[in-house]
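Annotated features, as they stand in Swiss-Prot:
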type	residues	note
BINDING	40, 46	NADP(+) binding site
BINDING	135, 136, 137, 257, 258, 301, 316, 317, 318, 319, 320, 342	FMN binding site
REGION	280-306	region 'Disordered'
């Protein structure tokens, strides 16, 4: 079983991430993790913060000479902007005179609609939003992307699983229903696209949508799809709600900031169909039993089917709107304009990379639940034994 935790604030010295339960022998380096973090920063519509804040990766435990040791993996993602925030975000007390007149230390008393600001202040007893927004920020996803890269390498090396994502909708622009989906070898092409869309014509329309939205001082949401190739049948279980693979994946994806909906395969479209047109019929092909389609998205009864896993996540428009939404100044009780931090027009392309990481972590957990192993070699052996012993093929 895998367990993972992250710690740190948006403008703190670093984010720290710990992954426990990974077998020994997974090949992974700082460069692998740095490359994953660079993918998270890309995408048309990102804000100025992506240009000057850098992710400094340090592996501080669990890996030696490029291979996991079997103990907890600890990764630090440093914040190059920390010197500017050192006094404001200091863990230790700072004399009041040193903070006097520091603009960054001004109380944030105008909570932003759509953020954790207001309810977080109420829940934790703060009279300003800084202590809430620092942890609620999507900056925290950098730590999850770092851990997700380690999980991705395990899945690739132990199971032969490959994960790819792409943007399928941005604002009012969507890829056609019959558009091809990217294969693992297409990931570089997807990443090279400004909005990480696999369809060039749709990509151009998405870029125009971002430009129009920027001109009006607004923000844009969208939908990303994650596809996992090479999964064996039987990850997850039907026996309890919390062991169902789709439930675990949905929870992980809903835990990403600004994600408001998740669907598998044809998802909500199946609700409008008759049952005879909603399911995947079964027959026998040259390689054994197979499904004629993949409307279920690679999951049936809470278990992977062996077909490609297809899951989509809907991201709401970023809540920090440049033209500022109406709110209340909690220090005066009077109407006010919401505090505006630097923000993106859209972060949908980056959301796909974060979604990949969460899918990788859940799938790695499910794989270890099924096959176990204190080393990658042991996991591979157990997987082969399982596949060789399948009664129904």
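Along the chain as shown, the residues are counted starting at 1.
Just so it is clear, glycine is given a Cβ too, placed from its N, Cα and C backbone atoms.
Mapped onto this structure are the features recorded in Swiss-Prot.
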{"residue": "40", "record": "NADP(+) binding site", "CB count, 10 Å": "25"}
{"residue": "46", "record": "NADP(+) binding site", "CB count, 10 Å": "18"}
{"residue": "135", "record": "FMN binding site", "CB count, 10 Å": "16"}
{"residue": "137", "record": "FMN binding site", "CB count, 10 Å": "16"}
{"residue": "258", "record": "FMN binding site", "CB count, 10 Å": "19"}
{"residue": "316", "record": "FMN binding site", "CB count, 10 Å": "15"}
{"residue": "318", "record": "FMN binding site", "CB count, 10 Å": "24"}
{"residue": "320", "record": "FMN binding site", "CB count, 10 Å": "21"}
Message: Measuring Cα to Cα, how far is residue 318 (FMN binding site) from residue 46 (NADP(+) binding site) in Å?
response: 11
Query: How many helix, strand and coil residues does the region 'Disordered' (280-306) contain under DSSP?
result: 0 helix, 12 strand, 15 coil
Task: Give the helix, strand or coil assignment DSSP yields for residue 316 (FMN binding site).
output: coil
Statement: By a three-class reduction of DSSP, residue 258 (FMN binding site) is assigned coil
